[in-house]
Amino acid sequence: MSQFHVLRIGHRPERDKRITTHVALTSRAFGASRMYLSKPDSRVVTTINEVVAKFGGDFEIEPLTNPRKFAKNWKGQIVHLTMFGLPLEDFEDKLRAEEPPILFIVGAEKVPPWTFEYADYNISIGNQPHSEVSALAITLSRLNENYRTQKFGGPLQVIPSIDHRKMIDTSR
């Protein structure tokens, strides 16, 4: 099981379905094993479960009713990704050395103060407004150097190509 988990807080089901789905897809692709969703949204859960069924992996998405309590009780390090944090570059080696699991918190709307308080690290990839998807992708890619060589084992596999889309279906 991966050492990385992601807590998505502030999800607004009618407004954030697509971006929250992208947070989950990014989490999975870059090596996280689970994403916790602060507000239940069956559409996001269904979409991600379909991706896992087709492309493989052990990624799970779990709705929460109380993200604050969940974060407070987390047994491991908490990294809050925020444009108000300190530079990721200053903490990369330290984060790589941390004992797993590590919980990454990304917000959808303005995050509550407890997010900063509970975090062991408030980290930024830059101090300008940016997407939580980009912050998560950059951070996980730097901490999980093997993300490109992960084996997901799903029936659909993408074959890298310079000029066209190519996939094979191993279930046939």
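Placement of Cβ uses the backbone N, Cα and C atoms for every residue, glycine included.
The record from TrEMBL ties GLY107, ALA108, GLU109, LYS110, VAL111, ILE125, GLY126, ASN127, GLN128, PRO129, HIS130, SER131, GLU132 to S-adenosyl-L-methionine, and of the options LEU25, LEU37, LEU64, LEU81 it ties LEU81 to that site too.
Annotation: ILE125 carries the greatest number of neighbouring Cβ atoms among the binding-site residues ALA108, LYS110, ILE125, ASN127, SER131 [cut-off 10 Å, Cβ to Cβ]. Largest Cα to Cα distance within the recorded S-adenosyl-L-methionine binders LEU81, GLY107, ALA108, GLU109, LYS110, VAL111, ILE125, GLY126, ASN127, GLN128, PRO129, HIS130, SER131, GLU132: about 18 Å as a whole number. Scoring each of the binding-site residues (LEU81, PRO129) by how many neighbouring Cβ atoms lie within 10 Å, the top position goes to LEU81.
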